[in-house]
Amino acid sequence: MSQLITIERHILEQQKNFPEATGELTDLLSDVAFAAKLVRREVVRAGLVDILGFAGSTNVQGEEVKKLDLFANDKIINAIGQHGRFAIMGSEENEGIIIPPKNETGSYALLFDPLDGSSNIDVNVSVGTIFSIYRIKSSDPGNASISDCLQKGSEQVAAGYVIYGSSVVMVYTTGHGVHGFTYDPTIGEFLLSHENITTPGSGKYYSINEGSYAQFNDGTKRYLDYIKEEDPATGRPYSTRYIGSLVADFHRNLLTGGVFVYPPTTKHPSGKLRLMYEANPLAFICEQAGGRATDGHRRILDIDPSELHQRTPLYIGSMADVKVAEEFEQGIR
């Protein structure tokens, strides 16, 4: 690009299109970008310092916690929570809500997965941070409660993710398109690299953990058989691309087209992915880029949450590909 545009400048430029904007979202997203820089610094050094491996505890999901998970969680809470812009926060790693300092001046709720795919960090596979921002409903921020977090995904005012891979990329939306920024370590800034991202209407890749095939329902099994069949007219067979890091799989499919499927299984009949920390923010981004995201029956952003750590199946990606997967899940095909 002929002109270097930082994420802060880009957000400010976008803000000019909305005279009623207060600038709060600019500050919020700048805080997230700063926290991402801190996490990135440790991710790239993870093999050199003692933050690999397990911490010897389990999180609220019943999963063994990685040391880097805890580090990322603490860094994000401390870096973002100290400025008084958030009244309440929720993390995949914390059982309950988090009340940050100076919360009485905050107007927003932050929900986040500090380090998605962290089980892969030991083998140098991409990991990421996923975040979601809501405006609180409480009239008194000092008394913000879990109900301020339990909002439908359609109520999000911003969402995004940071992927830590061969390069570090931050992607976000405020409901007016999707934009991506690549981190330049020589100047310490996220620079605009993917403006107005639109996902292809269909793709040629599918992402699913086929190791769970025996636990899939008949609809999912028939869907997998279908996309593996030879049919040039419909672009089949599709090719499998599955990293095992949600944010990395989603990012690839967002740019190249395709579908990510995490269906219900006999082990996890309500799905395994977290609605508030993973499905909602990625669904917001996907829809803004022209894609589709459902639980196989309902639009993800229309689900009314009842729990902070609620789980859901997820079908997300290119519009046409998600619709086909849904039809098999619903028994239409």
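Glycine too: its Cβ is placed from the backbone N, Cα and C atoms.
Here is what Swiss-Prot says about this protein:
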| type | residues | note |
| --- | --- | --- |
| BINDING | E92, D113, L115 | Mg(2+) 1 binding site |
| BINDING | D113, D116, E278 | Mg(2+) 2 binding site |
| BINDING | D116, G117, S118, S119, N209, Y242, K272 | substrate binding site |
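Everything Swiss-Prot records as a feature, shown here on the structure.
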| residue | record | contacts (Cβ under 8 Å, 6+ apart) |
| --- | --- | --- |
| D113 | Mg(2+) 1 binding site | S91, E92, T129, I130, F131, R274, Y277, E278 |
| D116 | Mg(2+) 2 binding site | V127, G128, T129, I130, Y161, S245, L246, V247, E278 |
| G117 | substrate binding site | V125, S126, V127, G128, I243, G244, S245, L246, V247, A248 |
| N209 | substrate binding site | Y242, G244, Y262 |
| K272 | substrate binding site | Y262, T265, R311 |
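The secondary structure of S119 (substrate binding site), as reduced to three states from DSSP, is helical. Under the three-state DSSP scheme, D113 (Mg(2+) 1 binding site) falls in the strand class. Local packing around the binding-site residues E92, E278 was summarised as the count of other Cβ atoms within 10 Å of each Cβ; on this measure the leading residue is E278. Same-chain neighbours of the Mg(2+) 1 site beyond E92, D113, L115, judged by a C-beta within 8 angstroms of the site's C-beta center, are, in sequence order, D69, A72, N73, S91, E93, F112, P114, D116, S118, T129, I130, Y277. Within 10 Å of the C-beta of Y242 (substrate binding site) we count 16 further C-beta atoms, all protein chains included. Among the record's substrate binders, D116, G117, S118, S119, N209, Y242, K272, no two C-alpha atoms are more than 17 Å apart, and one pair sits at exactly that spread. Summary of the Mg(2+) 2 site environment: with the site residues D113, D116, E278 set aside, the chain residues having Cβ atoms within 8 Å of the Cβ mean position are E92, F112, G117, G128, T129, I130, Y161, L246, V247, L273, R274, Y277. Per-site Cβ counts within 10 Å over the binding-site residues S118, S119 peak at S118.
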